[in-house]
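Asks: Okay, so TrEMBL annotates it like this:
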{"type": "BINDING", "residues": "58-62, 120-126, Asp149, Ala247, His359, Asp425", "note": "(6S)-NADPHX binding site"}
{"type": "BINDING", "residues": "Asn59, Asp116, Ser152", "note": "K(+) binding site"}
{"type": "BINDING", "residues": "Lys395, Gly396, Ala397, Asp398, Thr399, Gly424", "note": "AMP binding site"}
{"type": "DOMAIN", "residues": "12-207", "note": "domain 'YjeF N-terminal'"}
{"type": "DOMAIN", "residues": "212-479", "note": "domain 'YjeF C-terminal'"}
Amino acid sequence: MTAPAILTVEQMTAADRAAIAAGTPGLVLMERAGTAVAEAIRARFKPCRVAVLCGPGNNGGDGYVAARLLKRRGWTVWVETVGAPATADARAMAAKWRGETFEAGEAGRNADLIVDALFGAGLTRPLEGEAVRLARLSRSMRGRVVAIDIPSGVDGDSGKVRGDAAFRADLTVTFHRRKIGHVLEPGRAACGEVLVADIGLADAAQPLRENGPALWSERFPWPTGASHKHVRGRLAVVSGQQTQTGAARLAARAGLRIGAGVVTVLSPPSAVAVNAAHLEAIMLRAFDNEAQLVEGADNADAVVIGPAAGVTPETRGNLFALAHTGAAMVVDADALTVFRDRPGELFATLDRDDVLTPHPGEFERLFPGLLDGAPHRLAAAREAAVKAGAIVILKGADTVIASPDGRAAVNVEDAPWLATAGSGDVLAGFVAGLIAQGMESFEAACAGAWIHAECARRHGPGLIAEDLPQLSSAVLRDLYAARA
């Protein structure tokens, strides 16, 4: 099973053109698209009064098809237009519409359901005039807005809102594959539920994928009958000082739960007693200098450094020392921030199997101006991965995972319950635990990020970071059962 691709607008346009060049008329594709919209509406809503807002392009053409098919099924439907049809296919579909048509105005206020067929993902300018008023109206119609392709006003290539207004949908029906604007905020929130309809376009390999088990489950490091703890990988986690030990233990426990065979917390002397009081299956080893740290991590397959480590010269020196052990590093929190004034020193130390796990603030410190300067978070993460020469997990509601070789994936389902202290430490442990078991770093980053979010979705309100490692057991059981 292949993880679904996420396309740019240009790639989607190319797929349309390829289908037409291969003999499928554009009118047939438009009929399929409008049919998918009508079927989605019928599946989710009871018959009601529907206003279909049609723009001048092919998005509007899809709307005329949906209006015709709903009317045929006995629904009360009318069309409101913002501009006359401007493409041959849209004009042809408008000619087939035999119902009431108005210029966009007040009629939409009398509708029980609005279908936004004004502009698709290719819109490159802000909404204007009547479209702005309609977009604002859509925000008052909770549960009653369906967008075709993408909510009008949302940039299909970035998820950003162009100008001051965009539609907010409860259901978005798009075609063939999600676009970048469907998975990056604020576009993702504006889309509501996203239904991807098959209209018969050819697929092609793309380096950007939806993050989910289809992307990495075939290479997940399940134990075999011959497995023992030393075969299942060794993970080391560097602890902070006496009053800053909890973060390392969260990461260590996550690594153990995700399957690492042997997990060791490497602790400064001041923190040994407090760590010892809270560790059972996880081993503990003291270090008082960089040489002892290297000795403690020498047999590790992966190491986590940064959670509550302290923004200190010692953290910087410890990272440099660990880089010489051969273990893949997952670098988080303080081990990122400590390089804010000299990020090049960090990048020069990293290998392509190392992983950085910044939240937006940490990302800005390492890559100043990149988030604001890039067209969207995906582009920023990709550029950061190239600059750093390592995997980057840009955390957020729309977490992006990017590799310096161009591969990228996006968590397309949000998990708002992860907005709690310590959840990032658990993510670092999940990722490092998978790498320790031999999983390739990009796929380990994707798997760790997905499992992390899935744990939060299953728990829901009231989640704290300590819950996440325990919750991973049920997620792993389901993944294991799904292998067949």
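Cβ from N, Cα, C; glycine included.
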Asks: I'm checking region-level scores; what's the whole-number mean pLDDT for the domain 'YjeF C-terminal' (212-479)?
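Replies: Overall, the domain 'YjeF C-terminal' (212-479) comes to a mean pLDDT of 96.
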Asks: Which of the three DSSP-derived classes (helix, strand, coil) applies to Asp116 (K(+) binding site)?
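Replies: Going by the DSSP assignment, Asp116 (K(+) binding site) falls within a strand, counted as strand.
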Asks: For Asp398 (AMP binding site), which residues in the same chain are close in space, meaning a Cβ under 8 Å from its Cβ, but six or more apart along the sequence?
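Replies: For Asp398 (AMP binding site), the qualifying residues are Gly159, Val183, Leu184, Glu185, Arg188, Arg377, Val410, Asn411, Val412, Asp414.
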Asks: Near Thr399 (AMP binding site), meaning Cα within 10 Å, which of Gly60, Asp116, His359 (binding-site residues)?
Replies: His359
Asks: When you rank Asn59, Ala397, Gly424 by Cα distance to Asp149 ((6S)-NADPHX binding site), which of the binding-site residues ends up on top as the closest?
Replies: Asn59
Asks: Taking the Cβ of His359 ((6S)-NADPHX binding site) as the centre, how many other Cβ atoms fall within a 10 Å radius?
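Replies: His359 ((6S)-NADPHX binding site) is surrounded by 16 other Cβ atoms within 10 Å.
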Asks: Between the Cα atoms of Lys395 (AMP binding site) and Arg125 ((6S)-NADPHX binding site), find the distance and write it as a whole number of Å.
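Replies: The separation of the Cα atoms works out to 29 Å.
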Asks: Based on Cα coordinates, which of the following binding-site residues are within 10 Å of Asp116 (K(+) binding site): Gly60, His359, Gly424?
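Replies: Among Gly60, His359, Gly424, the ones whose Cα sits within 10 Å of that of Asp116 (K(+) binding site) are Gly60.
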Asks: When DSSP is mapped onto helix/strand/coil, what comes out for Asp62 ((6S)-NADPHX binding site)?
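Replies: Its secondary structure by DSSP: helix.
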Asks: Can you tell me which binding-site residues out of His359, Gly396, Gly424 are within 10 A of Ser152 (K(+) binding site) by Cα, answering none if there aren't any?
Replies: none
Asks: Using Cβ-Cβ distances, find the residues under 8 Å from Gly60 ((6S)-NADPHX binding site) that belong to the same chain and are at least 6 apart in sequence, listing them in sequence order.
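Replies: The list for Gly60 ((6S)-NADPHX binding site) reads Cys54, Thr81, Pro85, Ala90, Ala94, Ala117, Leu118, given in order along the sequence.
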Asks: Helix, strand or coil at Gly424 (AMP binding site), per DSSP?
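Replies: DSSP call for Gly424 (AMP binding site): helix.
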Asks: How long is the line from the C-alpha of Gly396 (AMP binding site) to the C-alpha of Arg125 ((6S)-NADPHX binding site), rounded to the nearest angstrom?
Replies: 27
Asks: Would you kindly give the Cα-Cα distance separating Asn59 (K(+) binding site) and Leu123 ((6S)-NADPHX binding site), rounded to the nearest Å?
Replies: 10
